[in-house]
Amino acid sequence: MGKQRVLSGVQPTGNYHLGNYLGAIRNWVEGQSEYENYLFVADLHAITVPHEPKQLASDTYTLVALYLACGLDLNYSTIFVQSHVSAHSELTWLLNCITPLNWLQDMIQFKEKAVKQGENVSAGLLDYPVLMASDILLYQADKVPVGEDQKQHLELTRDIAARFNHLFAQPDRPVLKLPDPLIRKEGARVMSLADGKRKMSKSDPSDLSRINLLDPPDQIQYKIKRCKTDPIRGLTFDDPERPECNNLLTLYTLLSGKTKEEVAAECQDMGWGQFKPLFTETTIAALKPIQEKYQAITEDKSYLESVLRDGREKAEAIANQTLAQVKAALGYSTPL
Ligand code: AQP
């Protein structure tokens, strides 16, 4: 039996941070040899909220270079840009027409993001989960790494696939594969440096709330110096009254490669004045190899272009096949 296929992506909305790395990209890298990986830059998703056209292409290239700098290996992973494979948009339209509107209106993430945007909320934001379903179903993915916030969307993907198969496929010959979630051992949820109860996020207006993967050492030092802490001496994990403390210790654990027990013992008698320089040094050291590799990769634009050309070809070979099967099942004629 061949390897199982995994699909995942990050939106090219700039400010790639430790949450994107520890919660997503590093996990892909660690598990990559076990699976056949299709990893994309989700640039169609990026315009479901207001975006800056001048930034979109350069943010896309930055993200591809970061994927490679973080350790994605082209022997195991196909890297491509979502908008380069037109089947994503086309399947979205076809699946839109079999997805009940109320399924989309029930999505928690839509409700949360729509509230923030008021009257400017786009139909694209409502439709985001159908695009996500298309991303996954086009590649007949076996597994999709999902965090808590995306679980509901993966459920919806399964519902859409099951509905399509039920309506348009032979009972013994489903057209679309139902994907399963890929649950990692310890889902790292990285919280904001400014508020330990909010997740670290690209769209937070304050750059001091996150450590970006490409922040230079002096900026990392400044951000950690300024980050929110508490007045208590002795640092502990898992105290609900001390979310910032738990977050910073978790980050230190993940970046140092030490175990939680080791860090708990090391930091139990520390004050912030002692911990912060240690955490700063560890963060800078962990990001240094990524930043160096990133510099080398971006110096050779033709290399990045060739990665994306190959990626697109490999992705299209699978995506177009699924799209053709879907269209045939729906009764479309083939172009002459
Ligand atoms: N704080 C986080 N902790 C752990 N994982 C995180 N991810 C994002 N933030 C954290 C994971 O990164 C991947 C890419 O996410 P995305 O680009 O699709 O958008 P997102 O989840 O909405 O990420 P952001 O940074 O919070 O972006 P904005 O601010 O634009 O909404 C996903 O696997 C995600 O779980």
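In case you wondered, yes, glycine gets a Cβ from its N, Cα and C as well.
All annotation found in TrEMBL is predicted automatically rather than curated by experts.
Going through Val130, Val190 against TrEMBL, the one listed in the ATP site together with Gln11, Pro12, Thr13, Gly19, Asn20, Gly147, Glu148, Asp149, Lys199, Met200, Ser201, Lys202, Ser203 turns out to be Val190. There are 9 other CB atoms within 10 A of the CB of Glu148 (ATP binding site), with all protein chains counted. Listed in sequence order, the binding-site residues among Asp135, Glu148, Met200 whose CB lies under 6 angstroms from an atom of ligand 1 come out as Met200.
Remark: Met200 (ATP binding site) has His17, Leu18, Gly19, Val190, Met191, Ser192, Leu193, Ser209, Arg210, Ile211 as non-local neighbours, by Cβ distance under 8 Å and separation of at least 6 in sequence.
For Thr13 (ATP binding site), the same-chain residues lying six or more positions away in sequence with a CB closer than 8 A to its CB are Ala46, His51, Asp59, Lys202, Ser203. Cα to Cα, Glu148 (ATP binding site) and Asp135 (L-tryptophan binding site) are separated by 19 Å. According to DSSP, Glu148 (ATP binding site) sits within a helical segment.
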